[in-house]
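Chemist: Structure below; questions to follow.
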Amino acid sequence: MDLPINLTSFSLSTPSTLEPNRSLDTEALRTSQSFLSAFRVLVLTLLGFLAAATFTWNLLVLATILRVRTFHRVPHNLVASMAISDVLVAVLVMPLSLVHELSGRRWQLGRRLCQLWIACDVLCCTASIWNVTAIALDRYWSITRHLEYTLRARKRVSNVMILLTWALSAVISLAPLLFGWGETYSELSEECQVSREPSYTVFSTVGAFYLPLCVVLFVYWKIYKAAKFRMGSRKTNSVSPIPEAVEVKDASQHPQMVFTVRHATVTFQTEGDTWREQKEQRAALMVGILIGVFVLCWFPFFVTELISPLCSWDIPALWKSIFLWLGYSNSFFNPLIYTAFNRSYSSAFKVFFSKQQ
């Protein structure tokens, strides 16, 4: 005989076994959300500090150049141009980009402000990149052609490079607005980004990054070759010490004359040459680090910026933000690298702060 099933006890026991699992899942979800919120706040705070530090450091460089008379000449005008572009990145670009991140990469500030932000972004970042290129070219010519590259020629060339830098940056940034070259704002999806038109993508990425990248890599290769040639020529102009004596006889004219040379060293290097070589080595090292940091900061962004529209490939929003802010950070590193390898700036900073007190 079949036993009756206790439906009441069954129905009461089932929820009791599921309730702890639900509470555990809810608690884990809350913990995960609170952790992500705390992490997001930390990241956004760090980005805010990055923008403030970029503004402060570049403004300090600009103020020093303006206050110290000895800096009113090349190559400090190139450094001033770079500092201006990096200050503008910190003032006009980073704050709105931070607002964009706070709103989950949704643009809620309207079409006009979107167009202005994108134009400033492209203008300032492109100018910063080309200013790095101009400094690298100036260092290359001063190292390899220091006799021809006189102060007058250097001033003229640097002014032309500054003019071309800002003119090219303006053309690249304003092209979508002036010629209707793609759309930067989408009201439906609340997106604000650089025009995804394939032809503009090629034009802007080549003009803003790939062309200056080729220039700086070529420049550093030439600087490296010049430094290697200098080291080789210095070795050929010296006689190293030898462990044993060497006798040289001239049997044709003076059979009785014997010259003995022991542990001899002959060099044809003056103190001025040594000082110049040390200065050139510091300049070459500075240019190398400046170029290396520039490539590390901007290469991931511009690779994805070129591939994404051409291949219809949407990268995750998180990686877009990482690559974009990594590029912005180059504006923070530029003045640090340049002033670290220029002793005159450290003394100028001391004079500047002493006057403020």
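Note: Cβ is positioned from N, Cα and C throughout, glycine not excepted.
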Chemist: Taking Swiss-Prot as the reference, CYS114 is linked by a disulphide to which residue in CYS124, CYS125, CYS192?
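Modeler: Of the candidates CYS124, CYS125, CYS192, the one Swiss-Prot pairs with CYS114 is CYS192.
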Chemist: According to Swiss-Prot, which residue out of ASN6, ASN342 bears the annotation N-linked glycosylation site?
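Modeler: Annotation hit in Swiss-Prot: ASN6.
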Chemist: Using the topological domain names from Swiss-Prot, determine whether ARG112 and ALA340 lie on a common side of the membrane.
Modeler: no
Chemist: Does anything in the same chain, at least 6 positions from CYS192 (disulfide bond), have a Cβ under 8 Å from its Cβ, and if so what?
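Modeler: Expected: HIS100, TRP107, LEU109, CYS114, TRP117, ILE118, THR184, TYR185, SER186.
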Chemist: Taking 3+ C-beta pairs under 8 angstroms (sequence gap of 6 or more) as contact, is the transmembrane segment (37-63) in contact with the transmembrane segment (115-137)?
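Modeler: No; fewer than 3 Cβ pairs under 8 Å.
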